[in-house]
Each structure stands twice: as structure tokens, then as C-alpha cells.
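Heads up: the structure comes next, in C-alpha cells.
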Amino acid sequence: LQGIFVLGLPYALLHSGYSGLLLIVLAAALCCYTGKILIACLYEENEDGQLIRVRDTYEDIANSCCKKLSPSLGGIVVNVTQVVELIMTCILYLVVSGNLLSHSFPYVPVTEKTWSVIAFVTLLPCIFIRTLKIVSKLSQLCSLVHFVIIFVVITYCLTQMHQWSWAKFRFSLEFENFLVSVGVIIFSYTSQIFLPTLEGSMKNPGEFRCMLNWTHFFACILKTTFALTAFLTWGEKTKEVITDNLPSFLETLVNLCLLTKALLSYPLPFFAATEIVYSCISNDSHSNYSSPLLALTVRGSFLLLTLLMAMFTPHFALLMGLSGSVTGAAMTFLLPSLFHLKLKWKKLSFLEKCVDISVFILGFFCSLAGIVCSIKGLLEVFG
């Protein structure tokens, strides 16, 4: 999903100006921080003062925080939020795939929805994915394709360096457009849903914090470079998806790369969503499938659901923005900071408490602003 949002970063700079560059750095720092405190909630100190992993998932953390109200209330809220966000992400990949195929082969008399069905057929093998190892290999290929796309766009922009002008940056901002930019920039970094599983799968979990620091640092550098060079190249003509600014011969190449990336990206959120639902239905561990038929039924149902919603949900982009403002902000800012305060309050310093509270307040206002803008857009569309 990050790759999809990265393509919108130059457009975000168009509406945020110099503040957008600061936001890219700030968002990286905040998302890195909330990732660390979320993982910290998985651990507790034993009698010897050693950190022991006593929780395995986001759900476990939520249940620990809400156990006085209800033993499973927190887990239910987190699971529903995660599944909604993951399914919406899968649907977005199908919608994007249909759109890219339609633009790549405009001479073929096939509708965009039909292209989405064709893309869906290539994803049917996802039904048989049972382990994270297969998903990780597909994600590696996805990352490789992502770097190819970034390389092509930046290389073209560098050939147009003689046209660059810092005068293209603006100081005055339109509040609503600025909020859109904030959403695009923040959600280009979100990965908290996958972090507990990722940390638990590492050979040396002690290196997780270091890994998180370096990945967010390099992501920040890459995104800043990409957004800056692209915006300086096209200025006020920057489009929502930057590949639409490329010459036709490069646009087709990059669109096909994007299509490949979208299809390779689909298995990760799909696998995560089906794992959550299967574990809830069967009350079984995520990796031990006591009922293969049930697992296949869950995966098949989810595949079909994503196709139907991709084809028949009107104004999906606005609905995605609405759900993203609720689930994305909740999973990235609100819940990690809230859980950290709840579980670690006695051990946190005054400064750490202030940081957590500030992150929570910031996440709340980002979510509220995104909800307002999305609902306003839906009301305008439906007249």
C-alpha cells in the first residue's frame, strides 16, 4: 500500500508546500515511535528485571488493556478495525489493477471492471497460501518492482533538471487540501498492523528497534527525494498519481510495473485478514490449521468479497478515505499511544507520558479532520 501512496506524495507537496517536506520527516518519526511503543506493549519484566514476551498480537495487547471491562472487548475492536482496513486495502489493489490495465491497453474494448476481474483471476492462488514465508517472498519481489518504478521516475526528473525552480513551492495553504496532504503523507508510512507478527518472526527480536529506525530513515530519504524531484519537474501541473505526468512511452512501462506491484502486494493484507478471521472462528492458533476446509472457505470468501466490492461499490476512493481516516489513524496513532499509557504508566517518565498523550491528540485530530473531509466529499457526490 505504501507504494500506492508514494505516487501521491508529489501531489501532496503541491498542496502543502514547504510544510509538506517537514511532514514527511515528522510522519516517519511518529510512525517509527508508535511502532516501538506498540512492540513494547508485548513485553513485561519478570522478577529478575528481564523483558519477557507475554503477548503475541495486537489483539492480546488490546485484551490486556480492557480486561477489567471485558476479557475480549479490546481484541474484538482491534480485530474488526484491522480486518476492515486490510480488506479495504485489498479492494483498492483490485480497483487500481483494473484502472492500470485499462490505461495500459486503451485500444482493447474491455471495461475497467472487466480488467479488475482479469486481475482477480491471477490472484486465485492466494487461496492456497498457508505461511508467511511465501508472502514474504512475494513482498521482496514487490519491493524490487517498487524501486524500479521510483528509479524510472527520478531518472526522468533528473533529465529535466534545467526546468527546476524553487519558486514552484507555495507558502499559503488551503486548509482542506492541506488535510488531504497530511493523510497521504502519514498513511504512506503505516505498518503497525504487521509489526507484532514481524517482530515475533525475527531470528533476533532484539534488533527490531534498530531495524525500525533504519527502515523509516531510508523511507524518509527516499520519499523526500522522490516527492521533491517530481514536484520540481512538473510544479503546478503535478497530477494526483505522478505517473500520469510521464511521457506516454514511460507511462505504459511504469503502469505495467505498478500493476505487477499491486498484484504482488495483495497477498500480504489478504493473508493477514484471513488469519485474523480464521483464528476468531476456529479459536485455533494462526499457524496450525486444524480444519483445512474451513481455512479454504475463509480465504475463498474473502477473495470473492474483495472482487464484489471492487466492482459494485460506488465512489470507492471516498469510502477508502473515510475508512482510512478511522482505521488508519486508530491503528497507527490512537491505539498504540493509548495502550502504551495504560500498560506502562507506572514505568514511564513524565516526558514519555507527554509524548504519548501528544501523539494521541494529534492522531485524534487527524482522524477527525479526515472523517469530516471524506463525509463532505460523499455528500457532494450524492448531492
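Glycine is treated like the rest: Cβ placed from N, Cα and C.
According to TrEMBL, the domain 'Amino acid transporter transmembrane' annotation covers 2-375.
As annotated by TrEMBL, transmembrane segment applies to 20-43 (among others). Counting residues 6+ beyond its ends, the transmembrane segment (20-43) has Cβ neighbours under 8 Å at 9, 12-13, 51-56, 58, 60-61, 64, 181-182, 185-186, 188-192, 195-196, 199, 208-209, 212-213, 216-217, 219-220, 223-224, 227-228, 332-333, 336-337, 339-340, 343-344, 355-356, 359, 362 in the same chain.
Sequence-distant contacts of the transmembrane segment (76-95) (same chain, six or more residues past either end, CB-CB distance under 8 Å): 1, 4, 58-59, 61-62, 66, 116, 119-120, 123, 193, 262-263, 265-266, 269-270, 272-273, 276-277, 280, 302, 305-307, 309-310, 313, 316, 319-320, 323-324, 326-328, 330-331, 335. Taken from TrEMBL, the feature transmembrane segment covers 76-95 (among others).
According to TrEMBL, the transmembrane segment annotation covers 115-132 (among others). With a cut-off of 8 Å between Cβ atoms, the residues of this chain six or more beyond the transmembrane segment (115-132) that come close are 94-95, 97-99, 101-102, 197, 201, 259, 262-263, 266-267, 270-271, 287, 289, 295-296, 299-300, 303, 306-307, 310-311.
The transmembrane segment annotation in TrEMBL covers 144-166 (among others). With a cut-off of 8 Å between Cβ atoms, the residues of this chain six or more beyond the transmembrane segment (144-166) that come close are 3, 6-7, 222, 225-226, 229-230, 232-233, 235, 242-243, 246-247, 250, 253-254, 257-258, 260-261, 264.
Per TrEMBL, the feature transmembrane segment maps to 178-198 (among others). Sequence-remote contacts of a segment are chain residues at least 6 beyond its ends whose Cβ falls under 8 Å from one of its Cβ atoms, and for the transmembrane segment (178-198) they are 1-2, 5-6, 8-9, 11-13, 15-16, 19-20, 23-24, 27-28, 30-31, 34-35, 38-39, 42, 55-58, 61, 82, 85-86, 132, 208, 216, 219, 223, 268, 272, 321, 324-325, 328-329, 331-332, 336, 366, 369-370, 373.
Residues or ranges marked as transmembrane segment by TrEMBL: 210-233 (among others). Sequence-remote contacts of a segment are chain residues at least 6 beyond its ends whose Cβ falls under 8 Å from one of its Cβ atoms, and for the transmembrane segment (210-233) they are 2, 6, 9-10, 12-14, 20-21, 24-25, 28-29, 31-32, 35-36, 150, 153-154, 156-158, 160, 163-166, 168-169, 188-189, 202, 242, 245.
Counting same-chain residues at least six beyond the ends of the transmembrane segment (253-281), those with a Cβ under 8 angstroms from any Cβ of the stretch are 1, 3-4, 7, 59, 79, 82-83, 86-87, 89-90, 93-94, 96-97, 100-101, 103-104, 119, 122-123, 126, 129, 132, 134-135, 138-139, 141-142, 145-146, 148-149, 152-153, 193-194, 197, 243, 246, 289, 294-295, 298-299, 302-303, 306. Per TrEMBL, transmembrane segment is recorded for 253-281 (among others).
What TrEMBL records for 293-312 (among others) is transmembrane segment.
Per TrEMBL, the feature transmembrane segment maps to 318-339 (among others).
Summarising the annotation, TrEMBL assigns transmembrane segment to 359-379 (among others).
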